[in-house]
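As recorded in Swiss-Prot, the features of this protein are as follows:
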BINDING   CYS98, HIS100, CYS118, HIS121  [2Fe-2S] cluster binding site
BINDING   HIS217, HIS222  Fe cation binding site
DOMAIN    56-163  domain 'Rieske'
Amino acid sequence: MDVTSTLSLGDPLEPARKATADMLRSRDHSFSLPQPFYCDQRLFEIDMQEIFHKEWLIAGMTCEIPAKGNFLTLQIGKNPVLVIRGAEGQVHAFHNVCRHRGSRLCVSEKGKVAKLVCPYHQWTYELDGRLLFAGTEMGADFDMKEYGLKPIQVKTAGGYIFISLAENPPAIDDFLATLEHYMEPYDMENAKVAVQTTIREAANWKLVIENNRECYHCNGSHPELLKTLLEWDDVTDPRASQAFKDQVAACTSAWEAEKIPYAHASFGLRNRIVRMPLLDGTVSMTMDGKQGSKKLMGRIKNPDLGSMRILHLPHSWNHCMGDHLIVFTVWPISAQETLVTTKWLVHKDAVEGVDYDVARLREVWDATNDQDRRLAEENQRGINSDAYQPGPYSKTYEFGVINFLDWYSERMLNNLGEESAHVRKVAGS
């Protein structure tokens, strides 16, 4: 039986889609975006449809669902999503929507179930999404095989769970193979989330990412972070000093000896992995630069691994140190509202209060996240002004922002079915 609705109300966003494409084609790539990209709810809806519903997103970590029936849930725009560990250890992802009358199946953020049971009318699903029970009153012609949960594309690599709401998402396997290699020393199946926070920022999601993609603001805003973080992006950073390059050379020799991957690996503008030293004499992103967890990750023996930085557009950045990892994900709520989730991961056998102290582990990035929240919110308030007009980026300090917006512009035009504008290459790309 075909239950798909044939009613079409048309696309009320069509005029806004055309205007969006026109603005992207004509924008100066060395300047910030026109005001509607940060303020307009219609453009936000287009962002959700063409970016967050079509690209690969990090849903969580495999260690968060270690056993059969463990699940986690998340919200992508209007779409509730369920990620669950199957009977044979597979990771499945589904729309968290019962096929009976549409109720959410799982309402908690995390949990464990034997079967997926809708709380409304107790329709019951296997962990692989098959409908097992729908009561006894659905009629003789009811075919349970037609009413399994709607699946979502899912891939795993290096302990990360990637999902896409698209039927045909962009290619990502080359990046995932590299990520798997770079994450091997961490043995992420034997990790755990020590603590997780979510903050709400009164700013457009792109402002949150733009702020992350540069450290032009760091000296004036992030005293805690700069106790350990070197501002330079990598040795190709136009600001990089010879002393920094010498430090990188010394560190890479030690990393090679321990078979720790470190080389810069890029996959277009969407993905990047690189290991960079921390400030000389520090080994972890803590207030004193000492280990945040006494028990090191995976097979790691030397805590002095700097920070392996992982970028995944549109919404994630990561710092992987010898003793713990920090995973950041950005989730748009509205045109001027964004959630930022931060997860600190340690070895699964590390004992709270013995091997690590949660307050100490999170102290640097609690402060940094709050500082970045204020910066993004003030940026948003200014952009809302009638006086706002796009301003120029520094190719020396803000090339990461330029790269992000070039990626965003190209993906938007591509997903809107428009010809992409020429993307200029800049230092650090």
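Glycine residues also receive a Cβ, built from the backbone N, Cα and C atoms like all the rest.
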(request) Write down the Cα-Cα distance for HIS217 (Fe cation binding site) and HIS121 ([2Fe-2S] cluster binding site), rounded and given in Å. (result) 53
(request) Sorry to bug you, but what's the C-alpha spacing from HIS217 (Fe cation binding site) to HIS100 ([2Fe-2S] cluster binding site), rounded to the closest Å? (result) 51
(message) Same chain only, sequence gap of 6 or more: which residues have a CB within under 8 Å of the CB of HIS222 (Fe cation binding site)?
(response) LEU229, ALA367, THR368, GLN371
(request) Give the three-state DSSP assignment (helix, strand or coil) for HIS100 ([2Fe-2S] cluster binding site). (result) coil
(message) As a test of reading the model: what is the averaged pLDDT for the domain 'Rieske' (56-163)?
(response) 97
(message) Using a Cβ cut-off under 8 Å and a sequence separation of 6 or more, which residues in the same chain sit near CYS98 ([2Fe-2S] cluster binding site)?
(response) ARG104, LEU105, CYS118, TYR120, HIS121, TRP123
(request) Can you check which residues sit near HIS217 (Fe cation binding site), meaning Cβ under 8 Å from its Cβ, same chain, 6 or more apart in sequence, and list them in order? (result) ASN211, LEU375
(request) Provide the number of Cβ atoms within 10 Å of the Cβ of CYS118 ([2Fe-2S] cluster binding site), excluding the reference atom itself. (result) 21
(request) Can you tell which of HIS100, HIS121 has the least company, meaning the fewest other C-beta atoms within 10 angstroms of its C-beta, among these binding-site residues? (result) HIS121
